[in-house]
(Lines of atoms letter the chains of each structure in order from A and count residues from 1; the text may use other names and numbers.)
(Lines give C-alpha, C1' and ligand atoms only; values in the text may rest on other atoms or scores of the structure.)
Protein backbone atom coordinates (compact mmCIF):
# COMPACT_ATOMS: atom_id res chain seq x y z
CA UNK A 1 0.00 0.00 0.00
CA UNK A 2 2.75 2.45 0.96
CA UNK A 3 4.65 1.48 -2.18
CA UNK A 4 1.56 2.12 -4.27
CA UNK A 5 1.00 5.58 -2.73
CA UNK A 6 4.69 6.36 -3.20
CA UNK A 7 4.77 5.37 -6.88
CA UNK A 8 1.57 7.24 -7.66
CA UNK A 9 2.75 10.37 -5.87
CA UNK A 10 6.08 10.31 -7.71
CA UNK A 11 4.25 9.94 -11.03
CA UNK A 12 1.97 12.87 -10.19
CA UNK A 13 4.98 15.04 -9.28
CA UNK A 14 6.76 14.05 -12.51
CA UNK A 15 3.67 14.95 -14.52
CA UNK A 16 3.46 18.32 -12.77
CA UNK A 17 7.18 18.95 -13.44
CA UNK A 18 6.68 18.18 -17.12
CA UNK A 19 3.67 20.48 -17.42
CA UNK A 20 5.42 23.40 -15.70
CA UNK A 21 8.60 22.95 -17.74
CA UNK A 22 6.62 22.62 -20.97
CA UNK A 23 4.67 25.85 -20.40
CA UNK A 24 7.90 27.63 -19.55
CA UNK A 25 9.71 26.35 -22.65
CA UNK A 26 6.75 26.97 -24.95
CA UNK A 27 6.34 30.50 -23.66
CA UNK A 28 10.02 31.24 -24.39
CA UNK A 29 10.33 29.62 -27.81
CA UNK A 30 7.36 31.51 -29.19
CA UNK A 31 9.43 34.65 -29.26
CA UNK A 32 9.72 37.79 -27.22
CA UNK A 33 6.28 38.54 -25.76
CA UNK A 34 7.21 42.20 -25.47
CA UNK A 35 7.57 42.42 -29.24
CA UNK A 36 4.15 40.96 -29.87
CA UNK A 37 2.73 43.39 -27.31
CA UNK A 38 4.32 46.69 -28.25
CA UNK A 39 4.80 48.14 -31.72
CA UNK A 40 8.57 47.66 -32.05
CA UNK A 41 9.28 50.54 -34.48
CA UNK A 42 7.52 53.28 -32.55
CA UNK A 43 8.28 52.30 -28.94
CA UNK A 44 11.32 53.94 -27.32
CA UNK A 45 13.99 51.34 -26.39
CA UNK A 46 13.83 52.32 -22.71
CA UNK A 47 10.17 51.31 -22.52
CA UNK A 48 10.92 47.94 -24.10
CA UNK A 49 13.80 47.53 -21.66
CA UNK A 50 11.47 48.39 -18.77
CA UNK A 51 8.93 45.81 -19.87
CA UNK A 52 11.70 43.22 -20.26
CA UNK A 53 12.81 43.83 -16.70
CA UNK A 54 9.23 43.74 -15.43
CA UNK A 55 8.84 40.16 -16.68
CA UNK A 56 12.51 39.22 -15.99
CA UNK A 57 13.10 38.70 -19.70
CA UNK A 58 16.56 40.29 -19.43
CA UNK A 59 17.93 37.45 -17.31
CA UNK A 60 19.63 34.31 -18.66
CA UNK A 61 17.26 31.45 -19.38
CA UNK A 62 18.16 29.29 -16.36
CA UNK A 63 17.60 32.22 -13.99
CA UNK A 64 14.21 32.80 -15.59
CA UNK A 65 13.40 29.13 -15.04
CA UNK A 66 14.41 29.25 -11.38
CA UNK A 67 12.47 32.48 -10.97
CA UNK A 68 9.50 30.84 -12.65
CA UNK A 69 9.46 28.10 -10.01
CA UNK A 70 9.97 30.59 -7.18
CA UNK A 71 7.02 32.56 -8.51
CA UNK A 72 4.82 29.48 -8.49
CA UNK A 73 5.64 28.76 -4.85
CA UNK A 74 5.35 32.38 -3.76
CA UNK A 75 2.10 32.89 -5.60
CA UNK A 76 3.53 35.59 -7.85
CA UNK A 77 2.93 34.71 -11.47
CA UNK A 78 3.71 38.08 -13.00
CA UNK A 79 1.38 40.73 -14.31
CA UNK A 80 -1.24 40.70 -16.99
CA UNK A 81 0.23 41.76 -20.35
CA UNK A 82 -2.92 43.72 -21.06
CA UNK A 83 -3.82 45.75 -17.97
CA UNK A 84 -0.76 45.18 -15.78
CA UNK A 85 -2.73 43.80 -12.83
CA UNK A 86 -1.40 40.97 -10.70
CA UNK A 87 -2.26 37.68 -12.41
CA UNK A 88 -2.90 35.77 -9.20
CA UNK A 89 -5.28 38.48 -8.03
CA UNK A 90 -7.24 38.48 -11.31
CA UNK A 91 -7.62 34.71 -11.20
CA UNK A 92 -8.32 34.48 -7.46
CA UNK A 93 -11.31 36.79 -7.66
CA UNK A 94 -12.87 34.66 -10.39
CA UNK A 95 -12.26 31.20 -8.90
CA UNK A 96 -15.26 31.30 -6.48
CA UNK A 97 -17.52 32.28 -9.39
CA UNK A 98 -16.47 29.23 -11.39
CA UNK A 99 -16.59 26.98 -8.33
CA UNK A 100 -20.18 28.09 -7.74
CA UNK A 101 -21.08 26.94 -11.26
CA UNK A 102 -19.14 23.68 -10.98
CA UNK A 103 -20.42 22.81 -7.52
CA UNK A 104 -24.06 23.11 -8.53
CA UNK A 105 -23.34 21.28 -11.77
CA UNK A 106 -21.74 18.43 -9.85
CA UNK A 107 -24.79 18.12 -7.59
CA UNK A 108 -27.17 18.35 -10.56
CA UNK A 109 -25.35 15.78 -12.69
CA UNK A 110 -25.33 13.25 -9.85
CA UNK A 111 -29.00 14.01 -9.18
CA UNK A 112 -29.80 13.32 -12.84
CA UNK A 113 -27.33 10.54 -13.58
CA UNK A 114 -27.44 8.26 -10.54
CA UNK A 115 -31.23 7.70 -10.31
CA UNK A 116 -31.51 7.39 -14.09
CA UNK A 117 -28.70 4.83 -14.26
CA UNK A 118 -30.03 2.77 -11.32
CA UNK A 119 -33.57 2.83 -12.71
CA UNK A 120 -32.30 1.72 -16.12
CA UNK A 121 -30.29 -1.16 -14.62
CA UNK A 122 -33.14 -2.41 -12.43
CA UNK A 123 -35.59 -2.32 -15.35
CA UNK A 124 -33.21 -3.71 -17.92
CA UNK A 125 -34.71 -3.90 -21.40
CA UNK A 126 -37.80 -1.92 -20.47
CA UNK A 127 -38.81 1.44 -21.93
CA UNK A 128 -37.09 3.18 -18.97
CA UNK A 129 -33.81 1.49 -19.89
CA UNK A 130 -34.16 2.32 -23.57
CA UNK A 131 -35.08 5.93 -22.81
CA UNK A 132 -32.11 6.42 -20.48
CA UNK A 133 -29.69 4.83 -22.93
CA UNK A 134 -31.03 6.86 -25.86
CA UNK A 135 -30.75 10.05 -23.77
CA UNK A 136 -27.20 9.06 -22.78
CA UNK A 137 -26.13 8.60 -26.41
CA UNK A 138 -27.84 11.84 -27.49
CA UNK A 139 -26.41 13.77 -24.51
CA UNK A 140 -22.92 12.64 -25.46
CA UNK A 141 -23.32 13.98 -29.01
CA UNK A 142 -24.99 17.26 -27.98
CA UNK A 143 -22.18 19.74 -27.38
CA UNK A 144 -22.59 22.37 -24.66
CA UNK A 145 -22.63 25.23 -27.15
CA UNK A 146 -25.58 23.76 -29.07
CA UNK A 147 -27.45 22.87 -25.89
CA UNK A 148 -26.74 26.32 -24.42
CA UNK A 149 -28.03 28.17 -27.49
CA UNK A 150 -31.10 25.94 -27.53
CA UNK A 151 -31.74 26.77 -23.83
CA UNK A 152 -31.35 30.49 -24.46
CA UNK A 153 -33.77 30.31 -27.37
CA UNK A 154 -36.33 28.32 -25.40
CA UNK A 155 -36.21 29.77 -21.88
CA UNK A 156 -35.00 33.31 -22.51
CA UNK A 157 -36.43 34.17 -25.93
CA UNK A 158 -39.62 32.13 -26.32
CA UNK A 159 -40.80 31.57 -22.75
CA UNK A 160 -39.02 34.57 -21.18
CA UNK A 161 -38.58 32.69 -17.91
CA UNK A 162 -34.86 33.20 -17.38
CA UNK A 163 -32.23 35.83 -18.12
CA UNK A 164 -30.29 34.86 -21.25
CA UNK A 165 -26.85 35.48 -19.69
CA UNK A 166 -24.97 37.14 -16.89
CA UNK A 167 -24.27 36.56 -13.21
CA UNK A 168 -25.74 37.53 -9.87
CA UNK A 169 -29.06 35.92 -9.08
CA UNK A 170 -30.01 32.23 -8.69
CA UNK A 171 -31.97 32.54 -11.94
CA UNK A 172 -28.70 33.21 -13.74
CA UNK A 173 -27.36 29.88 -12.51
CA UNK A 174 -30.13 27.68 -13.87
CA UNK A 175 -29.31 27.54 -17.59
CA UNK A 176 -25.52 27.16 -17.30
CA UNK A 177 -25.92 24.43 -14.68
CA UNK A 178 -28.50 22.50 -16.70
CA UNK A 179 -26.43 22.83 -19.87
CA UNK A 180 -23.33 21.40 -18.19
CA UNK A 181 -25.16 18.84 -16.07
CA UNK A 182 -27.18 17.17 -18.86
CA UNK A 183 -24.06 16.34 -20.86
CA UNK A 184 -22.25 14.73 -17.93
CA UNK A 185 -25.41 13.44 -16.24
CA UNK A 186 -25.99 11.37 -19.37
CA UNK A 187 -22.53 9.84 -19.13
CA UNK A 188 -22.94 9.19 -15.38
CA UNK A 189 -26.24 7.43 -16.08
CA UNK A 190 -24.50 5.17 -18.57
CA UNK A 191 -21.67 4.32 -16.17
CA UNK A 192 -24.04 3.80 -13.25
CA UNK A 193 -26.18 1.46 -15.32
CA UNK A 194 -23.16 -0.62 -16.32
CA UNK A 195 -21.80 -0.69 -12.75
CA UNK A 196 -25.11 -1.74 -11.18
CA UNK A 197 -25.71 -4.42 -13.84
CA UNK A 198 -22.23 -5.79 -13.20
CA UNK A 199 -22.86 -6.08 -9.45
CA UNK A 200 -26.37 -7.48 -9.87
CA UNK A 201 -24.90 -10.55 -11.56
CA UNK A 202 -22.40 -11.24 -8.76
CA UNK A 203 -22.79 -14.37 -6.59
CA UNK A 204 -23.07 -12.39 -3.33
CA UNK A 205 -26.16 -10.60 -4.62
CA UNK A 206 -27.70 -13.86 -5.81
CA UNK A 207 -26.91 -15.38 -2.39
CA UNK A 208 -28.56 -12.46 -0.60
CA UNK A 209 -31.57 -12.79 -2.85
CA UNK A 210 -31.81 -16.56 -2.30
CA UNK A 211 -31.79 -15.94 1.46
CA UNK A 212 -34.92 -13.90 0.99
CA UNK A 213 -33.56 -10.43 1.73
CA UNK A 214 -35.84 -7.55 0.82
CA UNK A 215 -35.01 -5.85 -2.49
CA UNK A 216 -34.20 -2.47 -0.97
CA UNK A 217 -31.94 -4.06 1.65
CA UNK A 218 -29.97 -5.85 -1.07
CA UNK A 219 -29.65 -2.58 -2.97
CA UNK A 220 -28.48 -0.64 0.08
CA UNK A 221 -26.12 -3.22 1.55
CA UNK A 222 -24.80 -5.18 -1.42
CA UNK A 223 -25.37 -3.52 -4.77
CA UNK A 224 -24.85 0.23 -4.30
CA UNK A 225 -21.62 0.10 -2.23
CA UNK A 226 -20.02 -2.21 -4.78
CA UNK A 227 -21.31 -0.28 -7.78
CA UNK A 228 -19.84 2.90 -6.28
CA UNK A 229 -16.26 1.65 -6.72
CA UNK A 230 -16.00 2.00 -10.52
CA UNK A 231 -17.92 5.28 -10.32
CA UNK A 232 -15.24 6.82 -8.09
CA UNK A 233 -12.63 6.23 -10.77
CA UNK A 234 -14.46 8.20 -13.42
CA UNK A 235 -14.90 11.29 -11.25
CA UNK A 236 -11.39 12.41 -12.19
CA UNK A 237 -12.41 12.04 -15.81
CA UNK A 238 -15.46 14.19 -15.18
CA UNK A 239 -13.46 16.94 -13.56
CA UNK A 240 -11.49 17.29 -16.79
CA UNK A 241 -14.70 17.34 -18.79
CA UNK A 242 -16.23 19.86 -16.41
CA UNK A 243 -13.26 22.19 -16.72
CA UNK A 244 -13.39 22.04 -20.52
CA UNK A 245 -17.19 22.28 -20.52
CA UNK A 246 -17.25 25.24 -18.17
CA UNK A 247 -15.02 27.19 -20.56
CA UNK A 248 -17.67 26.85 -23.28
CA UNK A 249 -20.64 27.37 -20.97
CA UNK A 250 -19.14 30.44 -19.28
CA UNK A 251 -18.54 31.87 -22.72
CA UNK A 252 -22.13 31.32 -23.90
CA UNK A 253 -23.82 32.62 -20.76
CA UNK A 254 -21.35 35.46 -20.06
CA UNK A 255 -20.51 33.86 -16.70
CA UNK A 256 -17.56 35.89 -15.36
CA UNK A 257 -15.45 32.93 -14.13
CA UNK A 258 -11.99 31.61 -15.04
CA UNK A 259 -13.26 29.79 -18.15
CA UNK A 260 -14.39 33.04 -19.73
CA UNK A 261 -11.16 34.64 -18.55
CA UNK A 262 -9.22 31.94 -20.40
CA UNK A 263 -11.07 32.57 -23.67
CA UNK A 264 -10.63 36.35 -23.52
CA UNK A 265 -6.96 35.94 -22.55
CA UNK A 266 -6.30 33.56 -25.44
CA UNK A 267 -8.05 35.93 -27.85
CA UNK A 268 -6.05 38.88 -26.47
CA UNK A 269 -2.84 36.81 -26.27
CA UNK A 270 -2.41 37.68 -22.60
CA UNK A 271 0.14 34.91 -22.11
CA UNK A 272 0.78 35.68 -18.42
CA UNK A 273 -2.83 34.83 -17.58
CA UNK A 274 -3.03 31.89 -20.00
CA UNK A 275 0.00 30.14 -18.53
CA UNK A 276 -1.17 30.71 -14.94
CA UNK A 277 -4.60 29.29 -15.78
CA UNK A 278 -3.12 26.28 -17.54
CA UNK A 279 -0.94 25.55 -14.51
CA UNK A 280 -3.99 25.90 -12.26
CA UNK A 281 -6.09 23.52 -14.39
CA UNK A 282 -3.27 20.97 -14.68
CA UNK A 283 -2.53 21.05 -10.96
CA UNK A 284 -6.21 20.50 -10.20
CA UNK A 285 -6.42 17.59 -12.61
CA UNK A 286 -3.20 15.95 -11.42
CA UNK A 287 -4.27 16.27 -7.80
CA UNK A 288 -7.76 14.93 -8.54
CA UNK A 289 -6.37 11.97 -10.50
CA UNK A 290 -4.00 11.16 -7.65
CA UNK A 291 -6.82 11.30 -5.10
CA UNK A 292 -8.95 9.07 -7.32
CA UNK A 293 -6.12 6.53 -7.62
CA UNK A 294 -5.64 6.49 -3.86
CA UNK A 295 -9.38 6.29 -3.14
CA UNK A 296 -9.65 3.42 -5.59
CA UNK A 297 -6.79 1.61 -3.88
CA UNK A 298 -8.58 1.93 -0.52
CA UNK A 299 -11.84 0.69 -2.00
CA UNK A 300 -10.41 -2.13 -4.08
CA UNK A 301 -7.52 -4.00 -2.40
CA UNK A 302 -6.70 -6.03 -5.52
CA UNK A 303 -5.30 -2.98 -7.33
CA UNK A 304 -2.73 -2.21 -4.62
CA UNK A 305 -0.61 -5.22 -5.42
CA UNK A 306 -0.08 -4.22 -9.04
CA UNK A 307 1.22 -0.75 -8.22
CA UNK B 1 -9.71 -9.92 -38.14
CA UNK B 2 -10.69 -8.88 -41.66
CA UNK B 3 -13.45 -6.63 -42.84
CA UNK B 4 -14.90 -8.44 -45.84
CA UNK B 5 -17.69 -6.90 -47.87
CA UNK B 6 -19.94 -9.90 -47.28
CA UNK B 7 -19.53 -9.59 -43.50
CA UNK B 8 -20.14 -5.86 -43.59
CA UNK B 9 -23.27 -6.35 -45.68
CA UNK B 10 -24.66 -8.89 -43.25
CA UNK B 11 -23.80 -6.58 -40.35
CA UNK B 12 -25.81 -3.81 -42.02
CA UNK B 13 -28.78 -6.15 -42.55
CA UNK B 14 -28.79 -7.16 -38.89
CA UNK B 15 -28.43 -3.65 -37.57
CA UNK B 16 -31.20 -1.37 -36.40
CA UNK B 17 -32.92 1.22 -38.60
CA UNK B 18 -31.35 3.91 -36.43
CA UNK B 19 -27.88 2.69 -37.36
CA UNK B 20 -28.83 2.56 -41.04
CA UNK B 21 -30.14 6.14 -40.80
CA UNK B 22 -26.86 7.19 -39.17
CA UNK B 23 -24.88 5.61 -42.03
CA UNK B 24 -27.09 7.29 -44.64
CA UNK B 25 -26.70 10.68 -42.92
CA UNK B 26 -22.94 10.34 -42.68
CA UNK B 27 -22.77 9.26 -46.32
CA UNK B 28 -24.80 12.33 -47.26
CA UNK B 29 -22.44 14.56 -45.26
CA UNK B 30 -19.39 13.07 -46.99
CA UNK B 31 -21.08 13.60 -50.37
CA UNK B 32 -21.92 17.22 -49.50
CA UNK B 33 -18.38 17.81 -48.24
CA UNK B 34 -16.80 16.46 -51.45
CA UNK B 35 -19.15 18.18 -53.91
CA UNK B 36 -19.84 21.39 -51.95
CA UNK B 37 -18.92 23.86 -54.73
CA UNK B 38 -21.33 22.14 -57.14
CA UNK B 39 -24.19 21.93 -54.62
CA UNK B 40 -24.07 25.40 -53.07
CA UNK B 41 -26.03 27.97 -55.09
CA UNK B 42 -23.96 30.88 -53.71
CA UNK B 43 -20.40 31.38 -52.47
CA UNK B 44 -19.86 31.17 -48.72
CA UNK B 45 -18.70 34.78 -48.49
CA UNK B 46 -21.06 36.20 -51.12
CA UNK B 47 -23.00 39.07 -49.53
CA UNK B 48 -26.26 40.67 -50.56
CA UNK B 49 -26.67 43.55 -48.14
CA UNK B 50 -30.14 44.36 -49.44
CA UNK B 51 -31.37 40.90 -48.43
CA UNK B 52 -30.08 40.69 -44.87
CA UNK B 53 -31.63 38.44 -42.19
CA UNK B 54 -34.27 37.02 -44.50
CA UNK B 55 -36.28 34.07 -43.13
CA UNK B 56 -36.28 30.70 -44.94
CA UNK B 57 -38.44 30.43 -48.08
CA UNK B 58 -40.97 28.20 -46.31
CA UNK B 59 -41.35 30.80 -43.55
CA UNK B 60 -42.11 33.64 -45.92
CA UNK B 61 -38.60 34.53 -47.12
CA UNK B 62 -37.45 35.20 -50.68
CA UNK B 63 -37.51 32.16 -53.00
CA UNK B 64 -33.77 32.25 -53.84
CA UNK B 65 -32.58 31.57 -50.28
CA UNK B 66 -34.51 28.60 -49.01
CA UNK B 67 -32.81 28.58 -45.60
CA UNK B 68 -32.78 32.37 -45.43
CA UNK B 69 -29.82 34.76 -45.14
CA UNK B 70 -27.63 35.93 -42.26
CA UNK B 71 -26.71 39.38 -40.92
CA UNK B 72 -24.50 40.09 -43.93
CA UNK B 73 -27.02 38.81 -46.46
CA UNK B 74 -25.10 35.57 -47.04
CA UNK B 75 -27.11 32.53 -48.10
CA UNK B 76 -27.46 30.23 -45.05
CA UNK B 77 -27.88 27.10 -47.16
CA UNK B 78 -24.67 27.71 -49.11
CA UNK B 79 -22.76 28.58 -45.95
CA UNK B 80 -24.02 25.40 -44.29
CA UNK B 81 -22.80 23.36 -47.29
CA UNK B 82 -19.33 24.90 -47.17
CA UNK B 83 -19.27 24.62 -43.36
CA UNK B 84 -19.95 20.90 -43.62
CA UNK B 85 -17.06 20.66 -46.08
CA UNK B 86 -14.66 22.47 -43.74
CA UNK B 87 -15.83 20.75 -40.55
CA UNK B 88 -15.74 17.28 -42.12
CA UNK B 89 -12.32 17.88 -43.64
CA UNK B 90 -10.85 19.20 -40.38
CA UNK B 91 -12.41 16.34 -38.42
CA UNK B 92 -11.27 13.65 -40.85
CA UNK B 93 -7.71 14.83 -41.42
CA UNK B 94 -7.40 15.83 -37.79
CA UNK B 95 -8.56 12.45 -36.54
CA UNK B 96 -6.15 10.82 -39.00
CA UNK B 97 -3.21 12.78 -37.55
CA UNK B 98 -4.10 11.69 -34.02
CA UNK B 99 -4.51 8.08 -35.12
CA UNK B 100 -1.18 7.92 -36.94
CA UNK B 101 0.82 9.74 -34.25
CA UNK B 102 -0.80 7.93 -31.34
CA UNK B 103 -0.62 4.48 -32.90
CA UNK B 104 3.02 4.92 -33.95
CA UNK B 105 4.07 6.12 -30.51
CA UNK B 106 2.14 3.33 -28.80
CA UNK B 107 3.65 0.69 -31.08
CA UNK B 108 7.10 2.19 -30.61
CA UNK B 109 6.66 2.04 -26.82
CA UNK B 110 5.64 -1.63 -27.03
CA UNK B 111 8.50 -2.43 -29.42
CA UNK B 112 11.37 -0.73 -27.59
CA UNK B 113 10.13 -1.04 -23.99
CA UNK B 114 12.45 0.41 -21.34
CA UNK B 115 13.14 4.13 -21.34
CA UNK B 116 11.26 4.85 -24.59
CA UNK B 117 8.15 3.27 -23.17
CA UNK B 118 8.48 5.24 -19.93
CA UNK B 119 8.80 8.51 -21.85
CA UNK B 120 5.85 7.79 -24.17
CA UNK B 121 3.62 6.68 -21.34
CA UNK B 122 4.74 9.69 -19.29
CA UNK B 123 3.63 11.97 -22.15
CA UNK B 124 0.35 10.09 -22.28
CA UNK B 125 -0.13 10.81 -18.58
CA UNK B 126 0.64 14.50 -19.10
CA UNK B 127 -1.84 14.71 -21.96
CA UNK B 128 -4.49 12.89 -19.99
CA UNK B 129 -3.94 15.29 -17.09
CA UNK B 130 -4.94 18.30 -19.15
CA UNK B 131 -8.43 18.71 -20.63
CA UNK B 132 -7.81 18.79 -24.37
CA UNK B 133 -9.81 21.96 -24.96
CA UNK B 134 -7.50 23.77 -22.51
CA UNK B 135 -4.44 22.32 -24.27
CA UNK B 136 -5.73 23.47 -27.66
CA UNK B 137 -6.42 26.96 -26.29
CA UNK B 138 -2.90 27.06 -24.86
CA UNK B 139 -1.33 26.20 -28.22
CA UNK B 140 -3.50 28.75 -30.04
CA UNK B 141 -2.61 31.44 -27.48
CA UNK B 142 1.12 30.78 -27.82
CA UNK B 143 1.46 30.15 -31.53
CA UNK B 144 -1.37 32.21 -32.98
CA UNK B 145 -3.98 30.82 -35.28
CA UNK B 146 -3.60 29.62 -38.82
CA UNK B 147 -5.52 26.90 -40.59
CA UNK B 148 -2.68 24.39 -40.82
CA UNK B 149 -1.75 24.71 -37.14
CA UNK B 150 -5.42 24.54 -36.18
CA UNK B 151 -5.96 21.21 -37.99
CA UNK B 152 -2.77 19.90 -36.39
CA UNK B 153 -3.91 20.88 -32.88
CA UNK B 154 -7.41 19.52 -33.32
CA UNK B 155 -5.84 16.36 -34.72
CA UNK B 156 -3.80 15.69 -31.63
CA UNK B 157 -7.05 15.28 -29.72
CA UNK B 158 -7.22 11.70 -28.49
CA UNK B 159 -3.69 10.66 -29.55
CA UNK B 160 -3.04 9.42 -26.02
CA UNK B 161 -5.93 6.95 -26.29
CA UNK B 162 -4.55 5.54 -29.55
CA UNK B 163 -1.13 5.29 -27.91
CA UNK B 164 -2.45 3.38 -24.90
CA UNK B 165 -4.54 1.10 -27.09
CA UNK B 166 -1.81 0.42 -29.63
CA UNK B 167 0.77 -0.28 -26.92
CA UNK B 168 -1.53 -2.79 -25.24
CA UNK B 169 -2.44 -4.50 -28.51
CA UNK B 170 1.13 -4.71 -29.78
CA UNK B 171 2.36 -6.05 -26.44
CA UNK B 172 -0.37 -8.65 -26.67
CA UNK B 173 0.42 -9.47 -30.31
CA UNK B 174 4.10 -9.95 -29.48
CA UNK B 175 3.20 -12.80 -27.14
CA UNK B 176 1.18 -14.57 -29.83
CA UNK B 177 2.76 -17.28 -31.92
CA UNK B 178 2.36 -15.68 -35.34
CA UNK B 179 4.48 -12.63 -34.53
CA UNK B 180 7.28 -14.75 -33.07
CA UNK B 181 7.02 -17.08 -36.07
CA UNK B 182 7.24 -14.20 -38.53
CA UNK B 183 10.22 -12.83 -36.64
CA UNK B 184 11.99 -16.16 -36.43
CA UNK B 185 11.65 -16.64 -40.19
CA UNK B 186 13.94 -13.63 -40.49
CA UNK B 187 11.34 -11.27 -41.91
CA UNK B 188 12.39 -7.62 -41.69
CA UNK B 189 10.91 -5.69 -38.82
CA UNK B 190 8.67 -3.47 -40.99
CA UNK B 191 7.07 -6.60 -42.47
CA UNK B 192 6.36 -8.05 -39.05
CA UNK B 193 4.66 -4.81 -37.98
CA UNK B 194 2.87 -3.74 -41.15
CA UNK B 195 1.96 -7.09 -42.68
CA UNK B 196 1.47 -9.33 -39.64
CA UNK B 197 0.72 -7.32 -36.50
CA UNK B 198 -0.89 -4.33 -38.29
CA UNK B 199 -3.93 -6.12 -39.77
CA UNK B 200 -4.56 -7.82 -36.43
CA UNK B 201 -4.90 -4.59 -34.50
CA UNK B 202 -6.52 -2.60 -37.37
CA UNK B 203 -10.08 -3.45 -36.30
CA UNK B 204 -9.69 -2.07 -32.80
CA UNK B 205 -7.92 1.02 -34.14
CA UNK B 206 -10.72 1.61 -36.65
CA UNK B 207 -13.28 1.50 -33.85
CA UNK B 208 -11.22 4.00 -31.87
CA UNK B 209 -11.08 6.19 -34.99
CA UNK B 210 -14.86 6.26 -35.43
CA UNK B 211 -15.34 6.95 -31.72
CA UNK B 212 -12.83 9.78 -31.97
CA UNK B 213 -14.42 11.45 -35.02
CA UNK B 214 -17.45 13.00 -33.28
CA UNK B 215 -15.20 14.38 -30.52
CA UNK B 216 -13.00 15.97 -33.16
CA UNK B 217 -16.05 17.54 -34.89
CA UNK B 218 -17.29 18.86 -31.54
CA UNK B 219 -13.86 20.21 -30.62
CA UNK B 220 -13.41 21.95 -33.98
CA UNK B 221 -16.86 23.52 -33.84
CA UNK B 222 -16.33 24.45 -30.18
CA UNK B 223 -13.07 26.29 -30.82
CA UNK B 224 -14.58 28.02 -33.84
CA UNK B 225 -17.59 28.90 -31.68
CA UNK B 226 -15.23 30.60 -29.21
CA UNK B 227 -13.86 32.58 -32.16
CA UNK B 228 -10.48 30.86 -31.79
CA UNK B 229 -10.74 28.22 -34.52
CA UNK B 230 -11.59 28.69 -38.18
CA UNK B 231 -11.36 32.41 -38.97
CA UNK B 232 -13.64 34.46 -41.24
CA UNK B 233 -14.08 34.79 -44.18
CA UNK B 234 -13.78 31.00 -44.12
CA UNK B 235 -16.78 29.35 -42.56
CA UNK B 236 -17.43 26.44 -40.22
CA UNK B 237 -20.45 25.12 -38.33
CA UNK B 238 -19.11 26.49 -35.04
CA UNK B 239 -18.44 29.89 -36.59
CA UNK B 240 -21.98 30.04 -38.01
CA UNK B 241 -23.36 29.22 -34.56
CA UNK B 242 -21.22 31.94 -32.96
CA UNK B 243 -22.32 34.50 -35.58
CA UNK B 244 -25.94 33.65 -34.87
CA UNK B 245 -25.77 34.33 -31.13
CA UNK B 246 -26.77 37.98 -31.41
CA UNK B 247 -29.73 37.22 -33.65
CA UNK B 248 -31.49 34.48 -31.67
CA UNK B 249 -34.21 36.85 -30.59
CA UNK B 250 -35.87 37.23 -34.00
CA UNK B 251 -34.00 34.90 -36.36
CA UNK B 252 -34.25 31.38 -35.02
CA UNK B 253 -33.06 29.71 -38.23
CA UNK B 254 -29.57 31.17 -37.90
CA UNK B 255 -28.58 29.05 -34.85
CA UNK B 256 -30.95 26.20 -35.75
CA UNK B 257 -29.20 25.21 -39.01
CA UNK B 258 -25.59 24.82 -37.76
CA UNK B 259 -26.74 23.54 -34.33
CA UNK B 260 -28.83 20.75 -35.84
CA UNK B 261 -26.08 19.85 -38.33
CA UNK B 262 -23.46 19.53 -35.59
CA UNK B 263 -25.76 17.49 -33.37
CA UNK B 264 -27.03 15.07 -36.03
CA UNK B 265 -23.58 14.53 -37.53
CA UNK B 266 -21.89 13.93 -34.16
CA UNK B 267 -24.76 11.65 -33.14
CA UNK B 268 -24.51 9.61 -36.36
CA UNK B 269 -20.78 9.22 -35.94
CA UNK B 270 -21.01 8.02 -32.35
CA UNK B 271 -23.86 5.64 -33.20
CA UNK B 272 -21.75 4.14 -35.98
CA UNK B 273 -18.75 3.97 -33.66
CA UNK B 274 -20.77 2.18 -30.97
CA UNK B 275 -22.26 -0.17 -33.55
CA UNK B 276 -18.86 -0.97 -34.99
CA UNK B 277 -17.46 -1.66 -31.51
CA UNK B 278 -20.33 -3.98 -30.59
CA UNK B 279 -19.98 -5.76 -33.90
CA UNK B 280 -16.23 -6.18 -33.45
CA UNK B 281 -16.74 -7.49 -29.89
CA UNK B 282 -19.26 -10.04 -31.16
CA UNK B 283 -17.16 -11.21 -34.09
CA UNK B 284 -14.09 -11.68 -31.89
CA UNK B 285 -15.90 -13.90 -29.46
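Numbering starts at 1 and runs along the chain as displayed.
The backbone N, Cα and C atoms fix where each Cβ goes, glycine too.
What TrEMBL records for this protein:
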{"type": "DOMAIN", "residues": "B:84-273", "note": "domain 'ABC transmembrane type-1'"}
{"type": "TRANSMEM", "residues": "B:18-40", "note": "transmembrane segment"}
{"type": "TRANSMEM", "residues": "B:89-110", "note": "transmembrane segment"}
{"type": "TRANSMEM", "residues": "B:130-156", "note": "transmembrane segment"}
{"type": "TRANSMEM", "residues": "B:192-211", "note": "transmembrane segment"}
{"type": "TRANSMEM", "residues": "B:217-240", "note": "transmembrane segment"}
{"type": "TRANSMEM", "residues": "B:252-272", "note": "transmembrane segment"}
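Counting residues 6+ beyond its ends, the transmembrane segment (B:217-240) has Cβ neighbours under 8 Å at 44-45, 70, 76, 79-80, 82-84, 86-88, 90-91, 94, 132-133, 136-137, 140, 145, 147, 150, 154, 157, 254, 257-258, 261-262, 265-266, 269 in the same chain.
Among the stretches B:89-110, B:130-156, B:252-272, the one making the largest number of Cβ pairs under 8 Å with the transmembrane segment (B:18-40) is B:252-272.
Tertiary neighbourhood of the transmembrane segment (B:252-272): same-chain residues 18-19, 21-23, 25-26, 29, 55-56, 59, 67-68, 70-71, 76, 80, 83-84, 87-88, 210-211, 213-214, 217-218, 221, 237-238, 240-241, 243-245, selected by CB-CB distance under 8 Å and a gap of 6+ residues from either end.
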